[in-house]
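My questions will all concern the structure given below.
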């Protein structure tokens, strides 16, 4: 079973001498594992990364990423010339994160820009300039967020005015708040950008549209006339990703550089509106799908490190007559670590459903059917929010589970955390996205009340109104899922009631929504939790289970049990409002939690081994498969630059003179 890449795959190690992870999903080639892509990996250099200056870090990131690109290009040429399964498909897949130690400055180009060009440009436009980006003949980023406007897209100030005389658009960022801010790779690595701007024709506003803009000369890489471009400086994470700013002053581009698959501006200035405004943001939905997957992979990486640490570290005797036990034997340590193993699997399975929905919606759009867009938008927002927040919090819990050693940069847990927590903000700030999910739930609740069709992922809102026994408690897995759905439905009902009351009292719908924001976000969070629980349960107990071995099913069922019980106990404040649980029921849930932890204890190391992360991918002194943790921690400290001299310069210049001055 594999979590390190885009699939879970066959494990190779026995679990208790008998369990082998069977294939859950399709196989992919693993050539990009150590035997090829990582063969030149320099572990010692990786441990020196955090001592580099910001400029050196950015240069290192470019060099590392280009080396990865070169290897994948060579591999593609050797194995299947003209294909794309290695290059560029694998360029920023999770299996290669260990080779982009300072981040990939060209990640946005392949994660966002190429998809945006494929879905937003016409076939002729893609052939003209989209293919050049895909082949890495030029570099490009996605410039949407502005210094003064982030998640509020309607407030973006960058404008593109159509000049009918020259058949060009004139782009401007009219104020400092309009400067594009944050695009990955923009600072010094990109010579083109997809710029999101407000379109004006004859001073008439036509809404947000995408424009393909050259920002640097291709030969010299110098900024083009009217372009003010630069790098943002040091950040908490993504240290070499080269995030940048962009200002435009009367920058002219041909009319055909507006992406015109869905909306068009003709030579005479006539405007053809997109059939659905939301299509402008379709590329963001794809990115949110990827963010959900990446969050699950990041958590799995941290869980592997913490689990291996917990198997090696010994501390605090439980029985004074016995040696110090592995800290994994302490139930409190199990509670820190094991639920995160289950969580990364839960979000990975939720991502699989989300990706299938995205693919189905894309096919529908190609045939002029846009009915699934609202559900895809809502689900991608919900899972992006909950996966990033839950996985970031989980990684921090796992760092704490590694004690003081988890605080060392050499553990790599800090790097995993800061890169994951960044996703709580980019591609839509989490609270803003929850409010959008909340609005979807209000429409769905109203539809359910009126007997109208409800999207499949919100169908439980209709079921709770039709089933009088929906809130009964039995404690079964399906019952735990229904309890969370019932809690989500209740929060949705309360938010709808509050919203309706405010509108009846004379508030505008927008003002009423703002004042109901807390209720809307709470309903959205529970809606997302209910979905993740439902997908986890359906995957483990559904038809696919018949194709898996009994041993694998046993472990998946144990992980499901732990996840369902732990999430339910963590959500009792909402569950108890709608489901009657006695004190005995609550005691049984607590006992089930402890029992689930105990059952997973013998298999925990084998489970994370089944995620199949290589040591070079983990890049952690605490997470090596051979268990030589303390030796690596000590060696990493010895190689720190400060230890190259026995006496630091500061002693001679400051410390020594100050102490002698008191004599």
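Using N, Cα and C of the backbone, Cβ positions are placed for all residues, glycine too.
Just so you know, TrEMBL annotations are computer predictions that nobody has curated.
So TrEMBL has the following annotated:
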ACT_SITE  427  active site, proton acceptor
BINDING   145, 184  FAD binding site
DOMAIN    35-138  domain 'Acyl-coenzyme A oxidase N-terminal'
DOMAIN    142-251  domain 'Acyl-CoA oxidase/dehydrogenase middle'
DOMAIN    281-442  domain 'Acyl-CoA oxidase C-alpha1'
DOMAIN    477-659  domain 'Acyl-CoA oxidase C-terminal'
DSSP helix, strand and coil counts for the domain 'Acyl-coenzyme A oxidase N-terminal' (35-138)?
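Looking at the domain 'Acyl-coenzyme A oxidase N-terminal' (35-138) with DSSP, the answer is 66 helix, 0 strand, 38 coil.
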Report, in whole Å, the straight Cα-to-Cα distance of the residue listed as 'active site, proton acceptor' from residue 184 (FAD binding site).
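Distance between the two Cα atoms comes out at 12 Å.
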Using Cα coordinates, what distance in whole Å links the residue listed as 'active site, proton acceptor' and residue 145 (FAD binding site)?
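Their Cα atoms are separated by 9 Å.
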Have a look around residue 184 (FAD binding site) and count the other CB atoms within 10 A of its CB, chains all included.
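Taking all protein chains shown, residue 184 (FAD binding site) has 24 Cβ neighbours within 10 Å.
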Around residue 145 (FAD binding site), which residues of its chain at least 6 apart sit with Cβ under 8 Å of its Cβ?
180, 181, 182, 183
